[in-house]
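Below is one structure, written out as structure tokens; comments come after it.
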Amino acid sequence: MEKFSVSAILLLVAISGTLAKDTTVKSGAKKDPKDSRPKLPQTLSRGWGDQLIWTQTYEEALYRSKTSNRPLMVIHHLDECPHSQALKKVFAEHKEIQKLAEQFVLLNLVYETTDKHLSPDGQYVPRIVFVDPSLTVRADITGRYSNRLYAYEPSDTALLYDNMKKALKLLKTEL
């Protein structure tokens, strides 16, 4: 019986030692800053403005735009793209852009849609395209580049803001 008790105690000590992991950082070891921050759940905003209302799919966004008579702003981006990340940071922190964005149906995509009208000059990121409630892509609202018409950089916030105001002036659908 005594042998059994000693064996059981040794087994419990071994198991508890294995299960208890050292969570402290040893001196000289660097702690990864990504590990110190808790992973936030992914939302539809993907960091472009958590207080804004975002749509989940392109089809839903088109429907909401048409029924609410508000223009649609489609932001194409990639999580791994440094240009997309820089534009996202500026977009999310720019108070006037965030306020104006409330008047749009918003969609941000990390994948391409089957609608080729959203990529008239190629599939690149970041790219922002405006769609009128009449479901017409606003080809007249472009960025500052002639080879990437719908590209914006963090320094283009004034142009983006002006283009958002232009997009709010809806196309006339009268016959």
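Even glycines carry a Cβ here, placed using N, Cα and C.
Swiss-Prot assigns the feature motif 'Homodimer stabilization' to one of the listed ranges (60-67, 68-75, 108-115, 132-139), namely 60-67. Sequence-distant contacts of the motif 'Homodimer stabilization' (60-67), counting only residues of its own chain at least 6 positions beyond either end whose CB sits under 8 Å from a CB of the stretch, comprise 74, 105-107, 131-135.
In the predicted model, residues of the motif 'Homodimer stabilization' (60-67) average a pLDDT of 97.
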